[in-house]
Amino acid sequence: MKVLVNNHLVEREDATVDIEDRGYQFGDGVYEVVRLYNGKFFTYNEHIDRLYASAAKIDLVIPYSKEELRALLEKLVAENNINTGNVYLQVTRGVQNPRNHVMPDDFPLEGVLTAAAREVPRNEQQFVQGGPVITEEDVRWLRCDIKSLNLLGNILAKNKAHQQNALEAVLHRGEQVTECSASNISIIKDGVLWTHAADNLILNGITRQVIIAVAKKNGIPVKEADFTLTDLREADEVFISSTTIEITPVTHIDGVQVADGKRGPITAKLHQYFVEEIVQACGELEFAK
């Protein structure tokens, strides 16, 4: 397996990171995950635009142009012969010696890019059957719009969900539902798609954006606004979404069944529309439902 370290492809076991890299010591960096179908990137520009936007919000300069970055990632994908899978990439602020919370102003650090690509098939069964989630207080910082390497709050919530055999932890600040530990959450109520506004309390998911676009295109009303735990529990349908899980229905919340416990009709339609977008961009999907 080859991985990318700056502009070099190296064997996974030969890849190294400096112990005083600020990403390693502080989580000082940003990242993205881009999906591949039939060897082609899906919503690539949207992901990379968000990467550069996240970097700008923390005054981090990515040492490659968008064109240079794409060429590097395409080489990575080709070298590993990825058909359906994920590309994880991150950029840290670079190495600072000695370690210091304060970013140096006397010389610019050179950002460090790393990336890896892996074959990850679509989970058709999960897209149809869905699964349970739990709710958990959102204890993360207040700039969740930045796709930062600082993920400890997400990790703790996701691990708690895993320990309870749940797909996800739905995060909430008091009564206000925000998102999940590694995905966005949406509800359907009276035929309306309802999801949290794209503000500082959530990451504006790329899959979330595609879902909103296809909903509007196909006449499904969309409401981007706060909703509560009560709204969540009284919803007609609930689903989670992300680059890696596409649109996955929620069957139970904290052990309580959602409606009839099956994927709802609007959720199914939205996933159909979403798959159509993938097919248009990347070609036909084997076993797509």
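Note: Cβ is positioned from N, Cα and C throughout, glycine not excepted.
Among the features that Swiss-Prot reports, active site, proton acceptor is placed at LYS147, with the record citing similarity to another entry. Neighbour list (LYS147 (active site, proton acceptor), Cβ cut-off 8 Å, at least 6 residues apart, same chain): VAL30, TYR31, GLU32, ARG50, LEU51, SER54, LEU203.
Counting only residues at least six positions away in the same chain, the Cβ atoms of GLU20, GLN25 sit under 8 Å from the Cβ of ARG99 (substrate binding site). In this structure, ARG99 (substrate binding site) belongs to neither helix nor strand by DSSP; it is coil. What Swiss-Prot records for TYR31, ARG99, HIS101 is substrate binding site.
For ARG50, GLU179, the entry in Swiss-Prot reads pyridoxal 5'-phosphate binding site. The secondary structure of ARG50 (pyridoxal 5'-phosphate binding site), as reduced to three states from DSSP, is helical.
Sequence annotations record features per position, and here Swiss-Prot assigns N6-(pyridoxal phosphate)lysine to LYS147. Under the DSSP three-state reduction, LYS147 (active site, proton acceptor) is assigned to coil, being neither helix nor strand.
GLU179 (pyridoxal 5'-phosphate binding site): 29 other CB atoms within 10 A of its CB, across all protein chains. Summary: among the binding-site residues (ARG50, HIS101), the fewest other C-beta atoms within 10 A of the C-beta are counted at HIS101.
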